[in-house]
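Q: This is the structure I want to talk about, given as structure tokens.
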């Protein structure tokens, strides 16, 4: 789409006024801005650029290229948690939906009811999203074999194709269309009222401004942001008691921005010379990342290129998903088609070493080892398990006062024993799938496998762990091979930092609406629910205002 309302922040006036200012044009911010623009003036501030015209974002075949691009202009910004797991965050209009593996699946109905959401409006909001960005994936031989293997492994019933979250095995949706082109949250801006919205790109918000004098509580009334040339701009709310600033910057940047603006743990803020507006010790708490562990299954026959399509929703809290490809979408050097896609050391997914050993040198070594492998070594696919929840939590802190720098984050993977047990049980299901009759054509028999791969210690991805009946070895395998599936959340949780209307506790005219508010990750993959939430809260805010504005 060629949006008339999208501009570089360098073209913005020094001072401007709007009914709503939304910080973060990501998976939640885009649908929220599009919705509010129907009746009010909206400014959407995005620190990254446009996703359109960038094949690394648009093409299924280029998946991973954005994640391995570490340049300042990349739509992805790498960060490494204090746990040592290498991770990524989005820096582009459309947010994480521009750089993810595309799987689209709704949250469970009990998740919706526990969140206190209105089920009917939730379903309407999901449909509003799906009309623009969700598609049925073409399920070919390898993914079908995984599906049938899951059924053989007892992950039943077969629920066919559905967006719904129900126990058993299913095919979910995807944001890649039939031509392999990605549709992102930025496409939801097609719903916007062009005369009601302004989107500024490369607009980095440094601070939320509060009025404190003469107020019983701090009142958010504006933001300062810098453009690509470093020039400072201010945007203020128009006069009107219902006008608001809404932070939709994601699980890292939303708590970070609150802290930079003086809302957070007072001792921590003072240590960074930040004036305390509100002592709120729970900002940055409850950070979680759903651990992922994956096993590569080399195939004697070619397999299709596929990202996540089939999912097994087990009864014990582990989700089984899979991704395949002869070329693993590797378009980066050393040569096209020699990479491991969403499990590649190039994007930081170095799972053959324990987290604390995943240094830049180790990554370089793994990439080099990968380039020396025989082409046949790349034929095959990964079967992964991801745990629900998780129960383990950590925290986020500022490293400095620059909003473009990563904060420091700790997720404490597997701190809770139940998370570890879910991983172990998930790996056992993966073993059963690999050994199933349905999957037999896509695996080598046990004798020819080591010969084929000349199994050196430098093979850059994990194979099925060697058989040792002690379950402790699987527990160690889970800990040593943990990766991210990029579903981290928390930091501004409902009931701790925001109320059930997503209003920041203790201040006025400020909300946070994004994945930082989640206690647990929704569904098997969260993007559907994050987009839904943007639309859902937009509709709720509009209807509340309309009800209040009606003459009594």
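Cβ atoms are placed via backbone N, Cα and C, with glycine included.
Automated prediction, rather than curation, is the source of TrEMBL annotations.
Remember, predicted model here, so these are calculated numbers, not experimental data.
Pulled these features from TrEMBL for this protein:
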DOMAIN    90-113  domain 'Glucose-methanol-choline oxidoreductase N-terminal'
BINDING   92, 205, 486, 487, 515, 526, 527  FAD binding site
DOMAIN    250-264  domain 'Glucose-methanol-choline oxidoreductase N-terminal'
DISULFID  423-478  disulfide bond
Q: Counting all other Cβ atoms within 10 Å across every protein chain shown, which of the recorded positions 205, 423 scores highest?
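A: In terms of Cβ crowding, the pick is 423.
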Q: Show which residues of the chain containing residue 487 (FAD binding site), separated from it by at least 6 in sequence, have their CB under 8 Å from its CB.
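A: Listed in sequence order: 289, 290, 386, 521, 525, 526.
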Q: Using only C-alpha positions, which one of 205, 486, 515, 527 is spatially nearest residue 478 (disulfide bond)? These are the binding-site residues in the record.
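A: Given the candidates 205, 486, 515, 527, the nearest one is 486.
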Q: Return the residues near residue 515 (FAD binding site), defined as same-chain residues 6+ apart in sequence whose C-beta is under 8 angstroms from its C-beta, sorted by sequence, else 'none'.
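A: Expected: 27, 28, 250, 251, 488, 489, 521, 526, 530.
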Q: Residue 527 (FAD binding site) to residue 423 (disulfide bond): how many Å between their Cα atoms?
A: 22
Q: Roughly how many Å separate the Cα of residue 423 (disulfide bond) from that of residue 486 (FAD binding site), to the nearest whole number?
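A: If we compare the Cα positions of residue 423 (disulfide bond) and residue 486 (FAD binding site), the gap is 17 Å.
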Q: How many angstrom lie between the most widely spaced Cα atoms of the FAD binders 92, 205, 486, 487, 515, 526, 527?
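A: Pairwise Cα check on 92, 205, 486, 487, 515, 526, 527 gives a maximum of 25 Å.
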Q: Which ones in the same chain are close to residue 486 (FAD binding site), with CB under 8 Å and 6+ residues apart in sequence?
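A: Listed in sequence order: 87, 88, 96, 100.
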Q: According to DSSP, how is the domain 'Glucose-methanol-choline oxidoreductase N-terminal' (250-264) divided among helix, strand and coil residues?
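A: Final tally across the stretch: 11 helix, 2 strand, 2 coil.
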Q: Provide the three-state DSSP residue tally for the domain 'Glucose-methanol-choline oxidoreductase N-terminal' (90-113): helix first, then strand, then coil.
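A: Looking at the domain 'Glucose-methanol-choline oxidoreductase N-terminal' (90-113) with DSSP, the answer is 9 helix, 4 strand, 11 coil.
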Q: Looking only at 92, 478, the recorded positions on record, which one has the least crowded Cβ, with the fewest other Cβ atoms within 10 Å?
A: 478
Q: Take the Cβ of residue 526 (FAD binding site) and count every other Cβ within 10 Å, whichever protein chain it belongs to.
A: 26
